[in-house]
């Protein structure tokens with residue numbers, strides 16, 4: 001009867017309709033007897049209301065009992081059902097699903113067997129979580145390392161140089177001790193923050209405790225040795241000759257203990273972030289990450305991952321034309337390309353030239369391939385950059401240094417053609433071989449020069465990278481101190497400073513606060529002219545002399561582009 005009546009209904013729906021039935025397809029004795037009693041008292045062909053309510057209540061009570069039994073089973077063991085091999089089933093086919101035609105005795109026997117198997121498996125240890133499972137075939141690339149320990153002190157093994165204690169001239173036990181010390185310091189800082197009032201006003205000036213801490217740090221840095229002793233130099237040279245690039249250089253006695261400890265903390269934090277990415281599967285050891293690029297006469301170590309095509313990224317080393325930015329797989333292909341490449345400078349219009357320094361304006365819509373290659377190259381040295389291919393809404397200002405072979409890429413910044421928030425920089429980069437030479441400030445100064453020509457107030461797009469924030473802070477400080485040095489009046493306005501320098505008022509206020517030049521007194525904010533900072537800046541300017549690392553507004557040949 002069941003086969004004829006329900007042959008077209010799936011099994012899971014059929015079992016739901018048979019909630020009040022036994023496992024053999026027959027109804028329970030109570031409900032059967034109740035139905036016979038009801039049928040004898042009612043006329044044939046009608047279904048009384050009391051019968052429907054009774055059968056519904058029976059099914060409801062039985063389903064509640066099944067739910068309670070299921071809950072007890074779940075409380076007893078939260079792990080998924082195990083296959084005979086001891087692993088979690090990978091599909092429903094591995095689970096034992098009883099047939100709807102199985103007998104009641106057979107179902108009871110299987111239930112008893114399942115309970116017995118649960119008892120047998122209760123003594124087994126819990127399976128390791130997937131992020132604690134290690135591939136023991138992988139090894140740390142550092143020579144002589146057994147892959148045990150981790151720089152953070154929180155993991156038992158490592159597979160990359162970033163987490164290798166031996167590479168950092170430490171042992172696994174030393175890393176664990178340092179980790180415990182860092183955790184104690186973090187707990188003390190957190191306890192101190194919790195003790196402060198939640199509704200306390202924000203200090204615009206450093207607190208007395210912060211000032212004392214700053215003075216202590218200054219004393220520690222003054223007490224460091226001016227240079228390495230002869231024995232220390234010999235030790236450093238011997239270490240370098242013995243291990244070469246397979247070990248980190250010795251860092252002791254190079255700087256103060258305070259700065260060295262800060263550097264170690266930063267290393268441990270970066271290593272922990274990389275370990276989290278590895279656990280999440282975003283990066284794996286030996287993944288497609290370009291380690292070095294050959295760019296002109298320089299071989300550059302990369303800092304971050306860039307989404308080059310897989311066939312190029314898996315090589316580990318990329319060859320890039322420094323003029324057209326085309327990337328290639330081998331030195332031979334690069335040599336052949338350089339023999340045919342007719343580019344000696346970036347495409348676009350040259351809008352600035354002074355001496356050997358030039359700036360080219362490149363439209364992302366007109367020179368799409370070049371701008372995409374530039375973004376891919378920049379991502380190797382920028383962490384927060386996310387835009388690689390949608391370059392049409394942007395203008396790129398590429399700074400170059402010219403010699404007899406061509407215009408070599410120094411750096412660039414990009415800006416939106418139509419920015420509703422008046423951002424004058426979307427992304428900025430100085431190539432590693434030109435860093436710490438003043439080119440970063442030149443790029444920033446040039447971006448603000450364009451804002452002045454446009455008669456707008458500009459600001460860089462957030463978030464800024466670590467190096468970008470340092471560069472901008474330094475530039476804003478220099479602009480404000482120069483303005484204070486040339487200012488002869490008695491009253492000063494932040495709005496006037498913003499209009500003359502094209503710097504956003506928010507950036508001006510934050511810089512004044514960091515320089516302790518903004519005070520709140522009698523309900524008003526006052527700008528203090530600190531002569532000591534101004535004199536210090538002027539002394540550095542005189543010592544620097546007439547440097548050519550400055551932007552000359554008279555050398556700019558540019559008109560603001562019309563909205564596109």
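Placed from the backbone N, Cα and C atoms, the Cβ positions cover glycine too.
Range with TrEMBL annotation region 'Disordered', chosen from 158-179, 224-245, 246-267, is 224-245. In sequence order, 421, 423, 425, 426, 427 make up the list of same-chain residues 6 or more apart from residue 461 (active site, proton donor/acceptor) whose Cβ falls under 8 Å from its Cβ. Taken together, the residues in the domain 'MYST-type HAT' (285-560) have a mean pLDDT of 90 on the 0 to 100 scale. Taken through DSSP, the compositional bias 'Basic and acidic residues' (230-245) splits into 16 helix, 0 strand, 0 coil.
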